[in-house]
């Protein structure tokens, strides 16, 4: 009964976690619907008014033909192709744009403003992603592990050993400072730069783009370098967004997340919802009960070779992992 109680407690915690997640989803849906639905309705009314006025000014054009033209234009726009005159100068599949697309695919950001048009491109995108996404995860994991040695583990141990401060306290302060530096270097400063380079972006929209990109949400409503007559467009997409910002930003976010995951307080919180693995002592106790059960049976029911097989396990030392009971370390 004592062994079952922690399992039941963990199951109740997990049930509360599932219910909390569902409630959080519902909460987000309610907020988004209440905030965005009036703006959507207003935009629909404006578009209907513009369409009605256009048909009145051009009576030679039927509504059916206009609908057919608009559907074609919107379908092309979903693939990143625009019929506007100010968009004809930029191509979606030149080398720099293709490199930017490849980086968004491998980082699973996927802005969605550009998508393969041909069947061959779609098939290659599948194969490229199947190989490239695990490759990217392996690459990022290896990079983050090496950075963590110098950015987290060694500074914490140095302060703990030389200054005599509590290791959990040092870890919390260090994680907080690291998060402040990451937010400043990869959110606030880039947002100011993007708001200066992109004519139609204010600071909030630039900050929104930074967060959507580095969190790999990638909605695609804001994509840098797509404005008309963008200066140094190839260099801009190649250097700032295609490789440097996205890649370094993702690495920085992973380092911060891993640093917070190493905190003792979060480890204890995670253990509330995880299934506890069977300890070597528990397996040993089960074997002892089985051995006693066999030994209490009549001599004819248990032969000596089976008894000899159970005896060596009693003499093995108990091995414990250096990470203790933390399932993340195991």
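Just so it is clear, glycine is given a Cβ too, placed from its N, Cα and C backbone atoms.
In TrEMBL, the feature transmembrane segment is placed on 125-149, out of the ranges 125-149, 275-299, 300-324. Confidence for the domain 'Potassium channel' (88-147), expressed as mean pLDDT, is 87. Contact between the transmembrane segment (169-194) and the transmembrane segment (125-149) is absent: fewer than three CB pairs lie under 8 Å, with pairs separated by 6 or more positions in sequence. Residues of the same chain lying 6 or more positions beyond the ends of the transmembrane segment (12-35) and with a Cβ under 8 Å from any Cβ of it are 272-273.
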